[in-house]
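Undergrad: The structure under discussion is supplied below as structure tokens; questions concerning it will follow.
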Amino acid sequence: MDRVIEAYTDVTAEGKKSRTPAKLDKWLTASGVILALFMMGHMMFVSTILLGKDVMHAVTKAFELDFIFDGGVPFIVSIFVAIISAIFIVHAILGVRKFPTSYKTYIKVREHAKLMNHKDTSMWMFQWISGLVMMFAATIHLYIMFTQPQNIGPYASADRVVSEHMWLLYMVLLICVEIHGSVGLYRAAMKWGWFDGANPKETRAKLLNVKKLLSYFFMTLGVITLLAYIKIGIEHSDNVGEKYVPTSHSKVLEK
Ligand code: HEM
């Protein structure tokens, strides 16, 4: 019962201020940092298609641990997806607490942001709108990755993007995730004072620049990568379902 009182009022049954909201905020930051770092790695992995189909194929197989199990085991990717999904769900549940609970509250926050011309408040508004969009869009993507880990590769991924019309979902996700991630990291650094140093004001300006740089870099990389999958997907649209055979294998087959 005490815990229920704490959860709803931030005050314990004994009338003391509860530490629960602060603890939940720490878990929100921790899960967010893990997801942001994962997304940077994810973008690097997905963009290996820019280095060639063989490179992307080799990376995909490495995730299936083909250096241990001959030919790779796609189920290993499903386990990884399940772990990321669990962190994503925890982060979303903790984040929902921060949503305005009614239209009235939303209007108040919006007016406040406009009145103060306060960048950080506007950023916070983008955080929960993009978070809400991602709760739906990322769930679809994660479900497909979990149930079809065998369909990841230069042709299978490009077919999904073009012939299975995932490009639109990816475009929306890309915009949301890159901005949500960089804004999230910036806000977390500000909130917990990670890099405050001697001059917090100067640090804040520097952090804002790093945030912008991160957003631009990953957004550009994401768009170019998506275009590369679209190009391959269009070229491969008459052979949907055919799996990519790496150059080294096709040479062996030709002999
Ligand atoms: C372990 C979990 C995940 C795996 C294995 C994974 C894998 C992939 C793969 C293989 C692609 C290439 C296209 C395709 O095959 O359909 C892709 C694209 C993409 N994924 Fe994920 N993903 C994961 C989690 C996430 C999450 C949590 C998000 C965002 C919240 C996300 C956002 C995206 C976006 C935006 C693209 C398009 C990238 C681009 O613009 O080029 N993914 N993902």
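A Cβ is built for glycine as well, from the same backbone N, Cα and C atoms used for every other residue.
Curation plays no part in TrEMBL annotations; they are all automatic predictions.
Quick paste from TrEMBL:
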- 27-52: transmembrane segment (TRANSMEM)
- His42, His91, His141, His180: heme b binding site (BINDING)
- 72-94: transmembrane segment (TRANSMEM)
- 124-146: transmembrane segment (TRANSMEM)
- 166-186: transmembrane segment (TRANSMEM)
- 213-234: transmembrane segment (TRANSMEM)
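On this model, are these features tucked inside or out on the surface, and what's nearby?
TA: Of all Cβ atoms in the shown protein chains, 14 besides its own fall within 10 Å of the Cβ of His42 (heme b binding site).
Panel annotation: around the transmembrane segment (72-94), residues 24-25, 27-28, 31-32, 34-35, 38, 60-61, 63-66, 131, 134-135, 138, 142, 145-147, 149-150, 152 of the same chain, lying at least six beyond its termini, place a Cβ under 8 Å from a Cβ of the stretch.
Same-chain residues lying 6 or more positions outside the transmembrane segment (166-186) and placing a CB less than 8 Å from one of its CB atoms are 32-33, 35-36, 39-40, 123, 126-127, 130-131, 133-134, 137-138, 140-141, 144, 160, 207-208, 210-212, 214-215, 218-219, 222-223, 226, 229-230.
Sequence-distant contacts of the transmembrane segment (213-234) (same chain, six or more residues past either end, CB-CB distance under 8 Å): 39-40, 43, 46-47, 49-50, 53, 154-155, 157-163, 167, 170-171, 174-175, 178-179, 181-182, 185.
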Undergrad: So which binding-site residues out of His91, His141, His180 are up against ligand 1, CB under 6 A?
TA: His141
Undergrad: Please find which two of His42, His91, His141, His180 have the most distant C-alpha atoms, given that the record lists them as binding heme b, and give only that distance in angstrom, rounded to a whole number.
TA: 18
Undergrad: Below 8 angstroms Cβ to Cβ, which residues of this chain, lying six or more residues outside the transmembrane segment (124-146), approach it?
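TA: Distal contacts: 77-78, 81-82, 84-85, 88, 92, 95, 98-100, 109-110, 113, 152, 160, 166, 169-170, 172-173, 175-177, 179-180, 183-184, 187.
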Undergrad: Neighbours of the heme b site His42, His91, His141, His180: Cβ within 8 Å of the Cβ centroid, same chain, sequence order.
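TA: After dropping the recorded site residues, what remains is Leu35, Phe38, Met39, Phe88, Met134, Ala138, Leu173, Val177, Gly181.
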Undergrad: Counting other Cβ atoms within 10 Å, pick out the least crowded of the binding-site residues His91, His141, His180.
TA: His141
